[in-house]
Ligand SMILES: NC(=O)C1=CN([C@@H]2O[C@H](COP(=O)(O)OP(=O)(O)OC[C@H]3O[C@@H](n4cnc5c(N)ncnc54)[C@H](OP(=O)(O)O)[C@@H]3O)[C@@H](O)[C@H]2O)C=CC1
C-alpha cells in the first residue's frame, strides 16, 4: 500500500496516513504497534500521557525498520511547562521511546488556565534546533489559541485537532492554512462515538464497495489532512491503511464537507476546559 507523503512548512516529509495509540493499553502496545508496522504503517502518533511510549519504542526496536523510514510523534503533557521542565519531559519521552530524536514533538493542549505557552513553545524550538525533534507543532490550539503561538514568529509545522465529518473546525483550519500549517485530524473516525456508516458516507461506501471508515479516511487525505486512526485489530489496521487507495470524486468530498455541524459536532474535550 502506497501512502502519500506531505511536505511540512519546515521542508520535512510526513506520511499522510499513520497509526495512533491513544487508549492503547500499555501492556498491549508492543504487540499492537508491531501489528501496525507489519501491516505497513510507518508513522506512529503517541504521547507521554498515553503511558505507552515504552511499548511503541520496543515495537520499533524489534521491527528492524531503519529509523529514517519511520515517523514518530510524541507530545508534551499539560503538567510539564517552562524551559527546564519541558526539556526534562522530552528527555523522558526519548528515553522511553529508545530514540535519539522524534520526528515531531507537540504541545498537547493549550491549557489556558496555566498561563502563556510562549516559554514552552520557544523551548520546543530550541529542542528542534538541537536535533531532538525534527519538527515541532501544537495540538488543540484552535483559532482561540493559535494566535499567541504565531505571534512568537515560530510557526508550527502542524496543528493536531479533533476533526471528523460532523466537526470540521473551519475557523482553525483556515487560520492554519494562512500559515501553511498542516492539520492533523485526531479522532478522524469520530472515536467510535458517531455512526458514520449511513447517509452520504454510507452511500459513497456502497457505490465504491469500500467501508465507511475507508471513505472517511479517503476524505481526510483528499482534503490535505494528516490522519492516524487507531485500532487494536489487525484487520481494521489493514482496512484503514487501504483507505489511502480509495478515490473520491470532488462531489463525494463536497457531500462529506456538508456534514459539518460546527461546534455541536465535537465528541471530545473543548481545549478551553482542559487543564
Ligand atoms: N492530540 C490529542 O489531543 C489527541 C490525539 N489523538 C490521536 O489521534 C489518534 C486517533 O484518534 P482516536 O481518538 O484514537 O480515534 P479514532 O477516530 O481513530 O477512532 C478509534 C475508534 O474507532 C474504532 N475503529 C478503528 N478503525 C475502525 C474501522 N475501520 N471500522 C470501525 N471502527 C474502527 C476503534 O476501535 P478498535 O480499536 O476496536 O478497532 C476505536 O474505537 C489517537 O490514537 C491519537 O494518536 C486522539 C485524541 C486526542
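Using the three backbone atoms N, Cα and C, a Cβ is placed for every residue, glycine included.
Per TrEMBL, these features apply:
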type	residues	note
DOMAIN	23-260	domain 'NADP-dependent oxidoreductase'
ACT_SITE	50	active site, proton donor
SITE	75	site 'Lowers pKa of active site Tyr'
BINDING	108	substrate binding site
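Shown on the structure are the features that TrEMBL records.
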residue : record                               : Cβ within 10 Å
50      : active site, proton donor            : 21
75      : site 'Lowers pKa of active site Tyr' : 25
108     : substrate binding site               : 19
Whole-number Å distance separating the Cα atoms of residue 75 (site 'Lowers pKa of active site Tyr') and residue 50 (active site, proton donor) is 10
Between the C-alpha atoms of the residue listed as 'active site, proton donor' and residue 108 (substrate binding site), the distance in angstrom, to the nearest integer, is 11
The correct three-state DSSP answer for the residue listed as 'substrate binding site' is coil
The predicted model's mean pLDDT over the domain 'NADP-dependent oxidoreductase' (23-260) is 98
